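Have a look at the structure below, then the notes.
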Amino acid sequence: MAGKRKLADNPDQKERRWSSRVQELRQKKVDEKARIARERLKLLSDKNSKLCVDDTESHAEEDEAMLVSPERSSPLTLTKTEKGKTKLDFYADENDAHLKVKKNLRFFNTQYLLMVQAKLSRPDLKGVMRANAILYSRKRIGDLPGIDVGHRFFSRAEMVAVGFHRHWLNGIDSMGIEYKREYSDYQFPLAVSIIMSGQYEDDLDNAEVVTYTGQGGNKLTGSKRQVKDQELVRGNLALKNNLEHKVPVRVTRGHQCQTSYSKKVYTYDGLYQVIKYWAEKGVSGFTVYKYQLKRLEGQPELTTNQVNFVGGRIPKSTSEIQGLVCEDISKGLASKPIPATNRVDDPPVPPSGFTYIDSLKIGPNVKIPRSSTGCNCRGSCTDPNKCACARLNGGNFPYVDLNNGRLIEPRDVVFECGPSCGCGPECVNRTSQKRLKFQLEVFRSPKKGWAVRSWDFIPAGSPVCEYIGVLRRTDDVDTLSDNDYIFEIDCQQTMQGLDGRQRRLRDVAVPTDIKVSQSNEDENVPEFCIDAGPTGNVARFINHSCEPNLFVQCVLSSHQDIRLARVVLFAADNIPPLQELTYDYGYTLDSVHGPDGKVKQLTCYCGAIKCRKRLY
């Protein structure tokens, strides 16, 4: 976490008494020298950052310089959602490093999507610079807290945002002479991180022992062939110094991933030691520097290879699935088959006791409001100044037209275009109404029963599925015992901050003709709920987590009654394949009572670092 750095006193300096005037003059000289030194260092850093980028376009050099020298960034301009919190307050109240990393990446993703919405070039880089909240602002040797071996980044900009690898383009990230005070026994520069991603034709990757080609002299576009000799400077010199001082370096591998929003995924594979280096003529006939690195012992097993970036076993079809008990629990109703697997029970059994449905059913005593007046847009809504639905969302669209639609950030309620609107089904403001686009799987877990995961990468802000069942009045389900699939529609209570609920983005024009409960006794209790016990969809199998990767979003599309909002689950993070999908059930401890009036308790098995140990 970034902070003000106090210059340490010189321990060798003997104490001496001075008059206040002399002390003031001496302090001014010290401050002036420090200022000049900082300016020289800054100029040197700017110069080096531009020299590090070989054969690139001029705008790329400018972006790189701004990222390696964050002091040049303009002051952070807070959006309405960010008012009241500084760039560090976003994670200042958390002690756990893993949570800090997760929150930092979520903050970056929000800034990235805002830049996409503004239609800026290189929105990933603009997002980093605008956020101006690099988690580890000072470079470090070795592992970084909260980033374990196997951690996956889904763009180079994510690594910059965390401070894991501070160059968005260069393969070698190194410390300069400005770190001499902290590492006085070393010769600089020193490499702290390298990325292997096929940038050089001479790279050789054998996992535990790798041969890494130094930087410079290659065409970064097209063939990536060497076009001139490399020199033993900057990153190349840094790796040589790592060898001489026996300083390990972080190694991250990049692989192609068509489902990732950047089309690549980068996996941290641990610390490596430089064991030798040499210069030779490369494939193209130019001099290149080679470095042999060996993985340090005692680290977790490698999770990446050239074939399968997650090291998992993502099936290409249901015929390859181990433990398959049902080829499609939706029986053709979902846009993609949803297989079920069970490698826990003996004998293995499929999910049972429910009927799959693909649309919300209306229960007795529930009346759906008539369709609200929509916008007059044609084709697809593109101009927020002319779209009536955009005005309901605070004057802009909540989604960006990226990866089939992504929600920029959670809101109290999202107003989507509906049946009365003039736009078509492909309008970006209908994102959550589109059919299932990720290949989901229901699987049996050892402690939590049935669970859900995706075979596909899910970008942050993407809708995963809607919670579907029978829409009922809450009073009518109180008599139903042992039903664990009741989802209360508490959009109104969340917007009012009742019963400890946390508000979200407030820039929405909530209609004033909505009926609100006047009873203080019942104001905390949502009037309607969704019962997915006897009938439901895949969402009924998604488990709770105290640190979820999904969030609940209330959505209005066909009407504007927030008591009857649709409940949609969105990705809170970039979710890699085969990671279990979870959301926070939102129970308050000691809030569930049995028929006898006694408090019921249920143990939580989510396994999160900050697990509450109880679901309710």
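Every residue, even glycine, has its Cβ placed from backbone N, Cα and C.
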Q. For which of the residue intervals 1-24, 217-240, 481-504 does TrEMBL record region 'Disordered'?
A. 1-24
Q. What are the helix, strand and coil residue counts for the domain 'Post-SET' (600-616) according to DSSP?
A. 0 helix, 2 strand, 15 coil
Q: Over the domain 'Post-SET' (600-616), work out the mean pLDDT and round it to an integer.
A: 89
Q) Which residue counts does DSSP yield for the domain 'Pre-SET' (373-435) in the helix, strand and coil classes, in that order? A) 11 helix, 9 strand, 43 coil
